[in-house]
Amino acid sequence: MASPRSAAASGYRAVGGKQGNAPRGAGTDKTHHNGSSNSIPVGRHHERGAFMTLSRDDSELGGVTDSEMGSDFLYTVQIPATPDNQMMSATPSNRSVDPAIAGKAEQQFVSSTIFTGGFKSVTRGHVMEKMMESEGTHPQLGGARGLTCAMEGCDGKAMRDERGDDLFPCDCKFRICRDCYIDALNAKQLCPGCKDEYKPPDDLLTLKHEDNRANEDLRALPPPMSDDSSKMDRRLSITNPKVGLLTSNNTTDFDHARWLYQTKGTYGYGNAVWPKDDGYGDGGGGKARDASVGKAPQFDDKSRRPLSRKVHISAGILSPYRLLVVIRMVVLGMFLAWRIRNPNTDAVWLWGMSVVCEIWFAFSWILDQLPKLCPINRMTDLTVLKEKFEMPRPENPTGRSDLPGVDVFVSTADPEKEPPLTTGNTILSILASEYPLEKLAIYLSDDGGALLTFEALAEAASFARIWVPFCRKHNIEPRNPETYFLLRGDPTKGKTRQDFVKDRRRVKREYDEFKVRVNGLPEAIRRRSDAYNAHEEIRAKRSQIETGMDPSEPLNVPKATWMADGTHWPGTWTQSGKEHGRGDHAGIIQVMLAPPTHEQLLGSADEENVIDTTDIDIRLPMLVYVSREKRPGYDHNKKAGAMNALVRTSAVMSNGPFILNLDCDHYIYNSLAIREAMCFFMDKNGDRLAYVQFPQRFEGIDPNDRYANHNTVFFDVNMRALDGLQGPVYVGTGCVFRRIALYGFDPPRVREHGGCFDFLCCCCGTKNKNKVMHTKRVNEIAGLTEQITSDEDDDLEASILPKRYGPSVIFASSIAVAEFQGRPLADKGVLNSRPVGALTVAREPLDASTVAEAINVISCFYEDKTEWGGRVGWIYGSVTEDVVTGFRMHNRGWRSIYCVTKRDAFRGTAPINLTDRLHQVLRWATGSVEIFFSRNNAFFASPRMKFLQRVAYLNVGIYPFTSVFLLVYCFLPALSLFTGQFIVQTLNLSFLVYLLTITVTLCMLAILEVRWSKITLEEWWRNEQFWVIGGTSAHIAAVFQGLLKVVAGVEISFTLTSKSAGEDENDIYADLYIIKWTSLMIPPITIGLTNVIAIAVGVSRTIYSEIPEWSKLIGGVFFSLWVLFHLYPFFKGLMGKNGKTPTIVFVWAGLLSVIISLLWLYISPNTKVSAQAGGTGFQFP
């Protein structure tokens, strides 16, 4: 996979200024020194391998003013390993260095170095001897143990190759480290071992020759270049190639089958002859080509089989479903009209409140029901994906993977609430996923900057060398070790290898040791830090005595947190210090696992290995730890800001055109999940997809799903229905994004839709204005993407890009590469495509300048005066940034896909205790209220969004307001029983028929929804119950919080939902019985007690009444029981386990009972006693 560095070198320079040739080498006047340490200027590789420095004068941003760029664009990388430490390709004397040796040594250096930096600070690279207490052995693991350098007085680690073996730059086999190798080259270019000029060993020459042959056979096509070869292409999206070998319909479709049929030609080397039986034609030269190329593929209908297809719902289910929706809408209209025409004159207040609530409920139901009219299912064909992208083809004879790269984002913020063991298992499941290793990169965002998370990730990376080969060898599912070893049943089922039981036993033992190490990290870090701090205090005390200072004066020794190599942790300390607090620390990047080699690296039966990995690929994907810089006074925008920092970091380091984001507690349950998403992106019209959303599935939920944690109605009913429109909403995790969609670009083809909303806009006179704004945005994007070569446009482009994306040149140059690599393969009917074989080239190794650039883009000031969080990346300003981000993409015309796989793609955890569940719902509902009062309201959607999609987004913003009417409606039965009145004058036949029809149609709709969504009636009922529970507690609080924020500007803060288990480790449902008091419980408790007391009062009064009104009693009791049945899970949760109900619950229950009883006695006193006393009581009108 090509990187942004290679793109910048090949002609994809991002922003154009008038730039002269940058000087070669790093030892120029651009180098800055800090103390005794050597520093390296930030730069990038030139296409000839030279290292180019970047400064304000000669960078691509030369046309940007200081105010637009920021005062800290020029920064340095300080690497204090040796006095003359510098990049291996940075000095003119290093031009004879073998590129293979230089690349491997540089990547080894990067993976063993932790980089820190940020605002107004030097970017430093600290070489770590080890990242954790235990030493890793995998060759990709940073800080892995190895032999030391043979130079006298040097204790550095010798250079190693991709297998972890010593890398000898000379045929004398002299072991040398990277720094000593550079020193030898800078001195006399003589080998310290043989005292002769460096001569590469024979095996290295042979390997290089084989690599060159492989690259020649690849014939990978680079991205298209600009016609003006005198200027580098600065486009943000690749323009279509000129019509040449294209079909006559002026598209990029090349009909391979038709061309072969008409010309009797063949692909490969040679021309216009039919291939032989076991290979391609000899090209007219009489010599057969290498048989390894394989047989010529058969270009028949199979070559154009779709990667995905729609599976429509059976008409026998969908047609009655739509008919019932229409019938219920008509009946609701008739019922409301009847209710308005027949008021209850005896209790107008009761009738009025009930009618208003019922009208709102009908409106809310319509908003929820309309988007459900077009549900669909989808299926993928992974076999076709493999045939098209990973099988030998004429354009890709070696069969190397042509799939695009994927960057996986995992976010965490607090190791206390999000256990590191859970995060580590998530990382292990991603590392073991079935996707080309060289195309996969994993980034962990630690927003808390905790050393605990850092060392836990290092432990996971070390254990991955055992776990990942074990999964590949025995085809393990799921690939989360914690879940796998807890599975019940026969583990040998479906396993064919004889050594499976032995391997499983060994890996299980290693995993148990891994868990012990991770769970013991907090104590190990504390003890280590205490020991180092005590040592520092002793040294400070000794220094105080030696300098003659007063020994009684207190010592000012900071209580630092120490890493395993005996140095200060640059992130958050356990006891916060200056520049080491939770909201005040430097940016940190550590490459835990270096990028893998392009070729397979097969294991062996070595006794040092835990299992026999013969013929098993032991490579691991790239793994990077990232903690963005945080400083006081900056708004870091919570999770959305962390995700945007990862977007920029990954663009600089790996630049995968697709991004998968996961929460730290959501792991890959289906190792083929990423391939499932690629079936949609790489299919015909896949270039119009912004993201593929997977359903959320949860583990650890109680069997009865008391609080509807599975949320199956939303994920299996609403989301499937939205997939039939413009696509599902983004729900925050388990989603694969197209990178350029996050960059704020419009889709390649858009279509404007009409509807009722457009009619309203036209009536208000705003449609023409919207058209003008739309045209302006189209022209602006076209100015950035079309071939502009004039100097005036260059200046315009140079001023626009920093304001939108920030001053990073490498990031800007990566945009074009990501757009190109994310296109589907060229084929008939495929628009906006890329050539076959374009993504089979190997990526460049990481170097220090690349990581330094990544440090720059995660600094706290980088987003200042840019469009990050506004139009670009995850959107800021809402606690539900996920929904807003998806809305913005749909509003620009992008589509999305809902991918439901046969085996769950991802699984995670959910809060099963009542308190955490209510707070989770409160956060979602508050975000919806914010959306309603913002510019992201569906009322202001563009014509590019479909009408029913707007209705769905409108419902997202409106549904919390239903809680106001629901709260009132839940008290109406109690008020009816207290006063002896009802919402209607009498329970006549018309009312009962309407009520029965509405109820029956609702039940029939539920049954049909169950049929086409494959959920159960119990799940549907649990969802209805929690809708009432949430509506009377969290939703009503969200409405008030949202109004406070909009009206008074009061900011809303939420805490992370704890993922930790309950006190009883033997009970997996221990959390279910944890009851922590919260004010959200007050409204449901009040409703429940009020209705229970009202039933008792109504029954007693009717029994002892001289003229009992049984109809009103039945009506009131029926609706009160309806409320209580819906609140049953809530009250069951309050009971706790073993009588652990909080005392405050009983206090509130008693207090409310007394208040309600006294209130009823005052409202409706005994008339005889009142008359004798001459008093009067309050009477409702």
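For all residues, glycine too, the Cβ spot is worked out from N, Cα and C.
TrEMBL assigns the feature region 'Disordered' to one of the listed ranges (234-256, 280-302, 487-509), namely 280-302. Here TrEMBL gives transmembrane segment for one range in the set 164-185, 1110-1131: that range is 1110-1131. Counting in whole angstrom, LYS639 (Mn(2+) binding site) lies 8 from SER411 (UDP-alpha-D-glucose binding site) by their C-alpha atoms.
Listed stretches 311-336, 348-367, 952-975, 987-1008, 1110-1131 were compared with the transmembrane segment (1085-1104); the greatest number of C-beta pairs under 8 angstroms is found for 1110-1131. Between the transmembrane segment (987-1008) and the transmembrane segment (348-367) there are fewer than 3 Cβ pairs closer than 8 Å, counting only residues 6 or more apart in sequence, so the two stretches are not in contact. Local packing around the Cβ, expressed as the count of other Cβ atoms within 10 angstroms, is greatest for LYS639 among the binding-site residues LYS417, LYS638, LYS639. Tertiary neighbourhood of the transmembrane segment (348-367): same-chain residues 329, 332-333, 335-336, 339-340, 951, 954-955, 958-959, 962, 965-966, 968-969, 972, 975-976, 979, 981-984, 1180-1181, selected by CB-CB distance under 8 Å and a gap of 6+ residues from either end. Taking a C-beta cut-off of under 8 angstroms and a sequence separation of 6 or more, ASP663 (Mn(2+) binding site) has the following same-chain neighbours: VAL410, SER411, GLY732, THR733, GLY908. With respect to their backbone Cα atoms, ASP447 (active site) and LYS417 (UDP-alpha-D-glucose binding site) stand 13 Å from each other. Counting in whole angstrom, LYS638 (UDP-alpha-D-glucose binding site) lies 12 from ASP882 (active site) by their C-alpha atoms.
Its own atom aside, the Cβ of GLU418 (UDP-alpha-D-glucose binding site) has 25 Cβ atoms within 10 angstroms in the protein chains shown.
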